[in-house]
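Undergrad: I have a structure here, written as structure tokens, and I will follow up with some questions on it.
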Amino acid sequence: MSVPWFNQFYKEIADSPLSAWLELLPGQISTWQKEQLHGDFNKWVKLLGKLPQTHPSEIELKERVEFGLQSEINEYTQKQIIGLLKQFMPWRKGPFHIHGIHIDTEWRSDWKWERVQPHIQSLENRYVLDVGCGSGYHMWRMLGENAKMVVGADPSQLFLMQFQATKHFNPDPRIHLLPVGVEQLPEKNAFDTVFSMGVLYHRKSPLDFLQQLKNQLRPGGELILETLVVEGDENTVLMAGDRYAQMRNVWFLPSTDALCLWMKRLGFKNVRVVDLAKTTIEEQRATQWMDSQSLVDFLDPNDHSKTIEGYPAPLRAVVVAER
């Protein structure tokens with residue numbers, strides 16, 4: 001089943017710094033649509049098509065992500081929207097407010113944004129890339145800072161569907177999600193700002209990943225990196241065994257000093273740690289929109305300073321640097 005989302009993106013970038021992407025990206029997306037679709041993809045697209053057309057009178061992106069008022073839809077339509085959106089569970093990153101419907105996601109991603117946003121350069125009129133964007137919560141907040149265009153990259157097709165479900169209620173032409181990894185993006189030094197939050201520790205080759213992020217930035221552009229870290233000096237890096245906090249796909253957890261050293265070795269400038277925060281069970285928890293296990297189940301029940309495997313509990317750093 002072909003979808004129109006990407007053709008709209010190609011039109012938007014034709015006269016932009018991203019125009020060189022048109023040499024490769026349409027072919028990659030076409031191959032993806034032919035060969036790599038999730039088994040539920042067509043079902044999900046049909047569900048998206050059932051979302052009712054509404055006319056939100058108010059769009060709020062600066063303080064939260066909210067599309068429309070409860071008073072603009074009737075009770076039947078509200079139940080219809082809830083029923084359809086719940087077909088895309090689990091909802092991990094948010095929260096979203098759609099015509100009075102509170103999508104209470106596993107993560108309070110708004111808390112992370114509050115830790116990040118004060119420390120970054122203005123996004124006004126900037127081309128912004130969010131690598132590992134999930135369902136796009138932070139992309140909407142970036143748009144709320146008046147970015148010229150926000151592009152997200154995340155290979156998860158469920159996240160793509162969640163993004164398209166929210167975009168249904170605010171079809172803004174300045175925001176797009178591509179179902180690809182950063183390694184598939186053409187390296188054209190086109191972005192003013194690149195974000196990558198919650199991805200580095202999932203990569204087997206973290207320095208290669210940092211280099212890929214750098215290759216998306218224009219000279220002088222800003223990188224905002226948020227990742228799990230451990231305490232220690234510049235020689236401290238934790239590699240967990242089979243799992244870390246029940247996650248299988250976790251590789252390197254450096255200290256902040258080690259991470260800054262990696263970035264300096266790769267040629268990043270003005271590298272600095274701007275925030276350090278322990279993840280709490282209030283920030284990541286099970287909800288009606290993500291009703292399976294969450295952080296409290298992944299920590300030592302007798303000592304929340306440790307994971308269930310005995311490693312240091314999640315500690316997240318925000319590092320900012322320029323190309």
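Heads up, the Cβ atoms here are built off N, Cα and C, so glycines get one too.
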Undergrad: Given Swiss-Prot annotates TRP107, LYS112, GLY132, ASP154, PRO155, SER156, VAL182, GLU183, MET197, TYR201, ARG316 as carboxy-S-adenosyl-L-methionine-binding, which of LYS79, LYS86, LYS93, LYS214 belongs to that site as well?
TA: LYS93
Undergrad: Using all protein chains in view, find how many other C-beta atoms are within 10 Å of the C-beta of LYS112 (carboxy-S-adenosyl-L-methionine binding site).
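TA: Looking across every protein chain shown, the total is 23.
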Undergrad: By a 10 A CB contact count over all chains shown, which of the binding-site residues listed here is most packed: ASP154, GLU183?
TA: ASP154
Undergrad: The record names LYS93, TRP107, LYS112, GLY132, ASP154, PRO155, SER156, VAL182, GLU183, MET197, TYR201, ARG316 as the residues that bind carboxy-S-adenosyl-L-methionine; what is their largest Cα to Cα distance in Å?
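TA: Site span for carboxy-S-adenosyl-L-methionine, by Cα atoms: 26 Å.
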